[in-house]
Amino acid sequence: MEPANYTRVTEFVLTGLSQTREVQLVLFVIFLSFYLFILPGNVLIICTIRLDPHLTSPMYFLLANLAFLDIWYSSITAPKMLVDFFVERKRISFGGCIAQLFFLHFVGASEMFLLTVMAFDRYAAICRPLHYATIMNRRLCCILVALSWLGGFIHSIIQVVLIVRLPFCGPNELDSYFCDITQVVRIACANTFPEELVMIFSSGLISVVCFIALLMSYAFLLAMLRKHSGSGDSTSRAMSTCYSHITIVVFMFGPSIYIYARPFDSFSLDKVVSVFHTVIFPLLNPIIYTLRNKEVKTAMRKLVNRYILCREVKDK
């Protein structure tokens with residue numbers, strides 16, 4: 001039950017990652033380096049796929065959308081975290097907290113659903129190669145991407161509605177560097193067991209089910225590819241792509257399951273896992289997909305060389 005009289009919390013105080021000045025400066029340099037790699041790395045992936053006429057398959061269309069989501073996802077928490085390293089008292093307004101929470105779950109869930117779509121794309125390419133172009137046409141790809149975004153939006157709205165209904169009368173300190181449901185729910189002035197149950201079902205169970213389904217689907221695809229391991233370079237490229245997708249799935253869903261598929265109690269590893277989930281994970285997309293994909297690496301070299309050549313001609 002909501003208390004009859006209470007003073008509404010208008011802002012939250014974040015404890016951050018560390019209270020030691022030297023540690024904060026080291027973390028600032030590390031995370032700024034990560035962020036400055038994530039942005040141009042994913043932008044380069046998008047530009048390469050958009051500008052190279054050889055990268056027109058549905059897989060690259062979905063990869064470009066994944067890179068766009070990674071840019072957005074990393075920008076939800078990283079900029080404020082970097083600024084807060086130089087602020088004595090780290091604050092965020094109630095509205096800003098809800099906005100951060102909304103976009104975090106909106107983009108994060110959309111990315112999960114998009115990874116599921118990418119698994120379906122690999123299934124169609126490997127198991128129905130003759131009908132692949134017909135099955136994964138551009139219209140269907142756009143519909144599947146839109147549905148991923150819609151699913152993420154619905155998921156996020158559920159979290160926000162549950163949070164804004166709760167009374168907050170103090171304390172207002174969040175033991176984190178950003179706002180998330182696991183932190184905000186703990187300081188509500190009410191019994192939050194029903195809300196936690198819904199959130200665990202909405203975030204945790206979805207993560208577990210999608211994770212298991214994706215691992216099983218990729219295991220099936222790899223088993224099929226190994227049966228045709230003597231078919232040549234195309235099979236090895238398909239296996240390499242599957243391994244890349246599996247790596248992304250593990251790094252995406254592992255921390256998500258740890259954070260949301262359990263009671264929202266505080267544990268010592270929470271901040272470490274959250275940093276990996278919100279800051280480091282988006283870095284993996286450009287690294288994994290560029291290092292394991294020859295077509296993307298070749299196209300990137302051509303794009304960079306073309307840009308350098310144009311600059312040299314312009315300077316002359």
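Backbone N, Cα and C define each Cβ position, glycine as well.
Annotated features in TrEMBL:
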- 25-47: transmembrane segment (TRANSMEM)
- 41-289: domain 'G-protein coupled receptors family 1 profile' (DOMAIN)
- 59-78: transmembrane segment (TRANSMEM)
- 98-120: transmembrane segment (TRANSMEM)
- 140-164: transmembrane segment (TRANSMEM)
- 200-221: transmembrane segment (TRANSMEM)
- 242-261: transmembrane segment (TRANSMEM)
- 273-291: transmembrane segment (TRANSMEM)
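Contact check: the transmembrane segment (200-221) against the transmembrane segment (273-291) gives fewer than three Cβ pairs closer than 8 Å, residues 6 or more apart, which falls short of the contact criterion. When Cβ distances are compared across the two stretches, the transmembrane segment (59-78) makes no contact with the transmembrane segment (242-261), since fewer than 3 pairs at least 6 residues apart fall below 8 angstroms. As a quick check, the transmembrane segment (242-261) and the transmembrane segment (98-120) clear the bar of 3 or more Cβ pairs under 8 A, pairs 6 or more apart, so the two touch. For the transmembrane segment (140-164), same-chain residues at least 6 beyond its ends with a Cβ under 8 Å from one of its own Cβ atoms are 58, 61-62, 65, 98, 101-114, 116-117, 120-121, 181, 184-185, 195, 198-199, 202-203, 206. For the transmembrane segment (98-120), same-chain residues at least 6 beyond its ends with a Cβ under 8 Å from one of its own Cβ atoms are 59, 62-63, 65-66, 69-70, 72-73, 76-77, 80, 92, 144-145, 147-149, 151-153, 155-157, 159-160, 163-164, 178-181, 184, 203, 206-207, 210, 213-214, 217-218, 245, 248-249, 252-253, 256, 278.
Averaged across the domain 'G-protein coupled receptors family 1 profile' (41-289), pLDDT for the predicted model comes to 89.
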